[in-house]
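Down below is the structure, laid out as structure tokens.
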Amino acid sequence: MTVGIFSAEVIFAFILTTVILNRYGNWKTQNIVVTIAVLIAWYFSLLIIFVLPIDISLAAYRKCVQDAYNHYDNITNSSQDSSVCKKPWSYVPESTLPNMWRVVYWTSQFLTWFIMPVMQYYVKSGEFTLKDKLKNAIKSNTLYYSTLLLIITILIIYIALKPGVHLDWQKLKAIASSASNTWGLFLLILLLGIALVDIPRELWRSSQIDYTLKKVYFKLSKLNTEKLESEGALEDVLESIKSVSINMSPNDTLYDCFQIILKKVPEDQQDFLKNVRSNSRNHTTPPSIGMLTRLHKQLIVAVHMYHRTETQGSLMLEKAIFLEDINSNMTSRDRKFKKMFNKPSKLNSYADTSTIEWYWWCCLHPMMLRALSVITGILSVIIVWSEMTFFKKQPVLSIFALMVNMAKQNNDYVMIQVLSTLSIAYLAYCTYSTIFKIKLLNIYYLAPNHQTTESSLIFFGLLLSRLTSPMCLNFLGLIHMDSHVIKSRILETDYTQIMGHMDVITIISDGFNVYFPTLIVAVCLATYFNVGTRILSILGFPQFLEDDDLVIDYIQEGRLLVVREKERRERKIRGNEMRRKYRERSIQNTNEDVEERVPPSRKDNMKSYLLDNADPIDRSYHSYSTNNTPDVERQLPSVSTRPNSTWEPPRNIFSDL
């Protein structure tokens, strides 16, 4: 049972990782090596979050056993331990967690510092062979590794010159761990401070349909601008490809490389290469390998931007139309949810769900968002307070430490694990949600619906791997289970024994317990007053600020885009309806014509019907009659439909002319 809980959490973390990775990445088109590396990096980041509460409960159990052992002075130790300290429901053998933490630690370190930085440049390279891509990736990482090595060397020299310090392997490892934790903790302060304020506020605002609609209009307008820019960038690249194709022939040595480029042109843009006329020949000689490499890299970026903006624009349009449906149904008296463009679903074919949908979207959903806003707001206040006070050992002021200590005193390991899981899950959600919103100049950006590039997946995998460990160490400090934080000897978790403690480099260690909580409060206040958002808006990056005139223009443009899309869909629906009615009328007229031509009494005898409807045979030959008759019609013969008729008109009928 106990091992089963541990196994279930390991499996659940893997399933959750695959679901998230499938939402952003594309398994079918990605490089298999990239997929495996990113999957491991993301999986280990989530695995730590799910398994660390088990480690905390086991540490509390070992502390209980140790206290019981000391209390009874080694007398009947085993019987007393079993009666006083019951094993946690998630108990695992002692060697399980240390071995797992070692695998996670060294694999993550190897991936984040050696493999993934090289892969990041490998997937962005425009080279055409594996060897050239690897060479370019290593060359591009030379500056990164040189800078890193220089910083480490300066740090080691600084520490070695301090009096009374003797460096060995353990101290070097501690220095490296402290440097990594320092970088991670400061980045954690920034991300966590933003999310602790932004998540409750956005949940509350999302319950207001007017605010949500305006924000969607704003995003839609921005996406439309990005789409136009991506189309222009793709056309420029295709123009360059067209210019290069003029000077390429199948006999050129680089023709195969050029064919690789052509295969990556989108199908809907293939005609562009045939129809675009080049103004002049920019290249009088065949292009070089460097030119094709740059063109290949530009095409990869342009095609991805083109597909991403097109997909996201369509999804945002659907969201805007749906939100407008919700807004129009808010005042519905019959309490039935009506959609402007109703899409049939399997559920609607069995039962009418319009009433249920109305109560959910117009009543329950806003209430649920407001309730979540209140809950997350309380959690954010608890976290900020605990971050400000967790360095204080006596009296204990950290709320997380108080709750965990209370559960320890009662030997309630279930409560310890539940509290730890909920707390660290919210910390992780705050940190990761901010990471997922990061958008660096459209280069590194997590786009849903399989629209994220391989380099972006690797970049965010690096961030998750480097942030998860400092975040977990920070949580252990909040509950006073890190001896380096409370400055006392305690029975620690296996995690801190393998991963290290929440230490920072000695240069900034003095006063860390003062400015660390101060920075968190400062970031929270800056987020509350939208300082960062306003700075980005001033720098030329449009941000959603309702009192900004530029944002109002974006909102109006987004609303017009939705109106045009609705009109386009209405025209399409009317056209389909007219074509359907025309086909029905045509089928009806055809059936009526057949019914008129086929007598009811002869429908079963088609042979008789054909004989009856055949042209009659004219068996009487009327020649011209010479009798004097005043009636002109009697002078005309009866008309026969026989093809071999030999009738001739009368002579001299026009002699009076």
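Here, residue 1 is simply the first one shown, and the rest follow in order.
Quick reminder: no glycine exception, Cβ is built from N, Cα and C everywhere.
Automatic, uncurated: that is what TrEMBL annotation is.
Residues or ranges marked as transmembrane segment by TrEMBL: 6-25 (among others).
For the transmembrane segment (32-52), the list of distant contacts is 6, 9-10, 12-14, 16-18, 20-21, 25, 97, 100, 104, 107-108, 111-112, 115-116, 119, 123, 420-421, 424-425, 428, 454, 457-458, 461-462, 464-465, 467-469, 472, 475, 493, 495: same-chain residues at least six beyond its ends, Cβ to Cβ under 8 Å. What TrEMBL records for 32-52 (among others) is transmembrane segment.
Listed as Cβ neighbours of the transmembrane segment (103-123) (distance under 8 Å, sequence separation of 6 or more from its ends, same chain) are residues 31, 33-34, 37, 40-41, 44, 47-48, 133-134, 136-138, 140-141, 144, 453-455, 458-459, 461-462, 465-466, 469, 498-499. If you look up TrEMBL, you'll see 103-123 (among others) marked as transmembrane segment.
The transmembrane segment annotation in TrEMBL covers 143-161 (among others).
Summarising the annotation, TrEMBL assigns transmembrane segment to 181-199 (among others). Counting same-chain residues at least six beyond the ends of the transmembrane segment (181-199), those with a Cβ under 8 angstroms from any Cβ of the stretch are 376, 380, 383-384, 427, 429-431, 433-435, 466-467, 469-471, 473-474, 500, 502-505, 508, 516, 519-524, 526-528, 532.
Residues or ranges marked as transmembrane segment in TrEMBL: 367-385 (among others).
The transmembrane segment annotation in TrEMBL covers 413-436 (among others).
Taken from TrEMBL, the feature transmembrane segment covers 457-479 (among others).
According to TrEMBL, the transmembrane segment annotation covers 512-531 (among others).
Summarising the annotation, TrEMBL assigns region 'Disordered' to 583-657.
What TrEMBL records for 596-606 is compositional bias 'Basic and acidic residues'.
Taken from TrEMBL, the feature compositional bias 'Polar residues' applies to 637-647.
Tallying C-beta pairs under 8 angstroms between the transmembrane segment (512-531) and each of 6-25, 143-161, 367-385, 413-436, 457-479 places 367-385 first. Residues 21, 24-25, 30, 34, 37-38, 41-42, 44-45, 48-49, 52, 56, 108, 111-112, 116-117, 119-120, 123, 180-181, 183-185, 187-188, 191-192, 383, 386-387, 390, 398, 400-401, 404, 420, 423-424, 427-428, 431-432, 435-436, 438, 444, 446, 485, 493, 495-496, 499-502 of the same chain lie 6 or more positions beyond the ends of the transmembrane segment (457-479) yet place their CB under 8 Å from a CB of it. Sequence-distant contacts of the transmembrane segment (413-436), counting only residues of its own chain at least 6 positions beyond either end whose CB sits under 8 Å from a CB of the stretch, comprise 46, 49-50, 52-54, 56-57, 60-61, 88-90, 188, 191-192, 194-196, 198-199, 376, 379-380, 383, 400, 403-404, 407, 446, 460, 463-464, 467-468, 471-472, 474-475, 478-479.
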